[in-house]
Amino acid sequence: MDNPGSGADLKLRHVHPWDLSPAEARALQMRLAPRVVREDRLGEIRRVAGVDVGFEEGGRITRAVVSVLSWPELAPLEDVVARSPTRFPYVPGLLSFRELPAVLEALEGLSALPDLLFCDGQGIAHPRRFGIAAHLGVLTDLPAIGVGKTRLIGTHEAVPEERGAWRALYDKEEVIGAVLRTRTRVKPVYVSVGHCLSLETAVELVLKAAPRYRLPEPIRRADRLASQSTGRDQVLHGGVCSSP
DNA sequence: GCGACAG
DNA sequence: ATCTTGTCGC
């Protein structure tokens, strides 16, 4: 009947409505934020996934991509693309309500769920400690890490230029994330807890996932399939969905 | 009241 | 995110 013979049956802990007003969305974030687990509760990591979203038709269509890679080799294993009408506008602090519906669809298309998620965006480095990586982690109950290219909130000291150097990201006196240099002399990324891991572990995993470029390999691949496919030229092998 | 503001 | 070309640097 439903997903006959395949699919990564997501058992969403507590499904919730997506068509909300900004005020209702903020209230929901405050209610779910306490469910984020900020300590290490990871099992063996064998497959990791990068999650990213792009837009088509001037934003009317949301295109979510989940790319699964082996760990720690980082070899491509599976890609799933999901496209659906965009229902929520971009509102700083409410990004997950705009992008997660499509992301969940893509996740459901996987042959098997990954052991860890690398999300393009913040985890708890968010006004209400519930950025997109935290939201996705809580809904799927999968370990998740937020990796933002720019800052949403928080302050921090200057980060040394060497790869591996990082400084805590603060909101008042609270540490909400890390500003990490993944490449020497290259702009740092904003790492924060998404779910089921500590900040220290998140930093360690991001460094291992980004051995050569600024962003973790899983995110780079998902990003390429989500955006670069519409604007720039795309020269890959596989078909439309699921293929390395 | 005036800025800041993930993707 | 997206609209958009070439250009400077390692």
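One is the number of the first residue shown, and numbering goes on along the chain from there.
Cβ from N, Cα, C; glycine included.
Summarising the annotation, TrEMBL assigns Mg(2+) binding site to A:Asp52, A:Asp120. Following the DSSP three-state reduction, the secondary structure of A:Asp120 (Mg(2+) binding site) is strand.
The feature region 'Disordered' is assigned by TrEMBL to A:225-244.
Same-chain residues at least 6 positions away in sequence with a Cβ under 8 Å from that of A:Tyr90 (site 'Interaction with target DNA') are, in sequence order, A:Arg98. According to its DSSP assignment, A:Tyr90 (site 'Interaction with target DNA') is coil. Residues annotated as site 'Interaction with target DNA' in TrEMBL: A:Tyr90.
Taking the Cβ of A:Asp52 (Mg(2+) binding site) as reference, residues of its chain lying under 8 Å away and at least six apart in sequence are, in sequence order, A:Ala64, A:Val65, A:Asp120, A:Ile219, A:Ala222, A:Asp223, A:Leu225, A:Ala226, A:Ser227.
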